[in-house]
Amino acid sequence: MEEDTAAGDEHQDKPVEYYSGLAEAVVDWRVWWLGVALCSMISSLSFGNFFPTLSATMGYSATISLLLCAPPWILGTVTSFFVARHSDATGDRFWHITGPLLIGIVGFMMAISTMNTAVRYLSLFFMTQASAGYVIFLTWVLNTFSQSQSKRAAAIALIISTATFGNMGSSYFWPSGWGPSYVNSYLLCILTSVISIAMSWAFRQHLSRHNQAAEAQEQALGLPKGFRYLL
């Protein structure tokens, strides 16, 4: 547990300084970097808010269109469970975020390329896989800011608060005038997915350098292996 939190006996013999944790989170650039990355990811997942509308573009009745919404999300839920399990088993975060987002991009490109009913419905199954990346991203945040409980709580709050702007802004990605193809909407989802992947990759490189520096210091001083950031 100590290794996981990298905290040791922190706060054992002194009161918890909650406000100092908040102050540390506010001035930590990583909080805002991850907040923007998550904001971009949430924007790319905005198709979920308009899923019945996208299903209706296939030309079926309202009842059938709503029923067709269920299978893609059932598959997405199952996939998220197995992706999360595999991410924990391997200790990897970045590739388990990137993989689902790339599958989602494939779905966006399929929807852009044709109005064929079968292909567009298949594209919805690909899109819902992207939601697994969101689950892993939140776990990555918890792992990254585990050194202090107060800072972690503040960091999570700030990151999620920043990310909510993605929900607000992406509601304008899907004007009815862009239907029924919604090509421009899908292009925006692709763009925000790529931005999120790029920012996550840069953050992974940053954490990797910290891990390498910690390993070099331990070897030089003959110390046992300590805390490592999950990549």
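Note: Cβ is positioned from N, Cα and C throughout, glycine not excepted.
Since we're looking at a predicted model, the values are computed, not measured.
Marked as transmembrane segment by TrEMBL: 31-51 (among others). Away from its own ends, the transmembrane segment (31-51) comes close to residues 25, 69, 72-73, 101, 104, 124, 127-128, 130-131, 133-134, 137, 141, 144-145, 155, 158-167, 169-171, 173-174, 185-186, 188-190, 192-193, 195-196, 199-200, 203 of its chain (Cβ-Cβ under 8 Å, at least six residues beyond either end).
Within its own chain, the transmembrane segment (57-82) has Cβ neighbours under 8 Å at 51, 100, 115, 117, 120-121, 124-125, 127-129, 131-132, 135, 179-182, counting only residues six or more beyond its boundaries. Sequence annotations record features per position, and here TrEMBL assigns transmembrane segment to 57-82 (among others).
What TrEMBL records for 94-115 (among others) is transmembrane segment.
The feature transmembrane segment is assigned by TrEMBL to 121-142 (among others). Among residues of the same chain six or more beyond the transmembrane segment (121-142), those with a C-beta under 8 A of the stretch's C-beta atoms are 34, 37-38, 41-42, 44-45, 47-48, 51, 54-55, 58, 68, 71-73, 75-76, 79-80, 83-84, 87, 93-94, 96-101, 103-108, 110-111, 152, 155-156, 159, 193, 196, 200, 230.
Per TrEMBL, the feature transmembrane segment maps to 154-173 (among others).
The annotation transmembrane segment is assigned in TrEMBL to 185-203 (among others). Counting only same-chain residues 6+ beyond the ends of the transmembrane segment (185-203), those with a CB under 8 A from a CB of the stretch are 30, 33-34, 36-38, 40-41, 43-47, 94, 97-98, 101-102, 104-105, 108-109, 111-112, 130, 133, 137, 166, 170, 173-174, 178.
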